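To start, the structure itself, in structure tokens.
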Amino acid sequence: MAKKTYDLLFKLLLIGDSGVGKTCVLFRFSDDAFNTTFISTIGIDFKIKTVELQGKKIKLQIWDTAGQERFHTITTSYYRGAMGIMLVYDITNGKSFENISKWLRNIDEHANEDVERMLLGNKCDMDDKRVVPKGKGEQIAREHGIRFFETSAKVNINIEKAFLTLAEDILRKTPVKEPNSENVDISSGGGVTGWKSKCC
């Protein structure tokens, strides 16, 4: 059996309206790349990146969901096993911000109770086209007791910081396992397919 190259696996989810830049945020973090020609995500896709936090190698499995309503049934089935969820809106699109309340309700309905949440106001490099003041993002984050960052995938503002902060918040809540424990507990999301068991 191949030796595990990581200590912990965290499943993260990106949600928000179509066109807010979720895929760009993910690619900036996973590949340090920005592409202006992405087509809308169909259904769901994911990337993996391993980071080191507090001396532990943590594999981040980051799922990028489609924002369109027609994919709602597919994407909400992925909420259940998520340990961290990033809600993304576009600071140049007021409707995408208004819909954050809908996305928060989706989390309440479909995700685990103890899931870590974070709000991202994306495209902050386009300040001249801003329609959502930063204070509004801060206010909704305060009301829901979640962290908030304004980000730009294009010029790489706060992308890595947001992902690492979310991972650190999850790590803080993760029980420490015995170092000699070889078994992967699939009921706690310990393996790549482990989180699926929570859908049952």
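Cβ from N, Cα, C; glycine included.
Noted in Swiss-Prot for the protein shown:
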type	residues	note
BINDING	18-24, 35-36, 40-41, G67, 122-123, 125-126, 152-154	GTP binding site
BINDING	T23, T41, D64	Mg(2+) binding site
LIPID	C199	S-geranylgeranyl cysteine
LIPID	C200	S-geranylgeranyl cysteine
MOTIF	32-46	motif 'Switch 1'
MOTIF	64-81	motif 'Switch 2'
TODO: Compute the C-alpha separation of G21 (GTP binding site) from D64 (Mg(2+) binding site), stating it in Å without decimals.
DONE: 10
- [ ] Could you check what DSSP calls D64 (Mg(2+) binding site) once collapsed to helix, strand or coil?
- [x] strand
Task: Cα-to-Cα gap, M126 (GTP binding site) vs T23 (Mg(2+) binding site), nearest whole Å - done: 18
Open item on the list: I want to verify one value. Collapsing DSSP to three states, which class is T23 (Mg(2+) binding site)?
Closed with: helix
Task: Average pLDDT across the motif 'Switch 1' (32-46), rounded to a whole number - done: 68
Open item on the list: Fewest other C-beta atoms within 10 angstroms of its own C-beta: which of the binding-site residues S18, T23, N122 fits that?
Closed with: S18
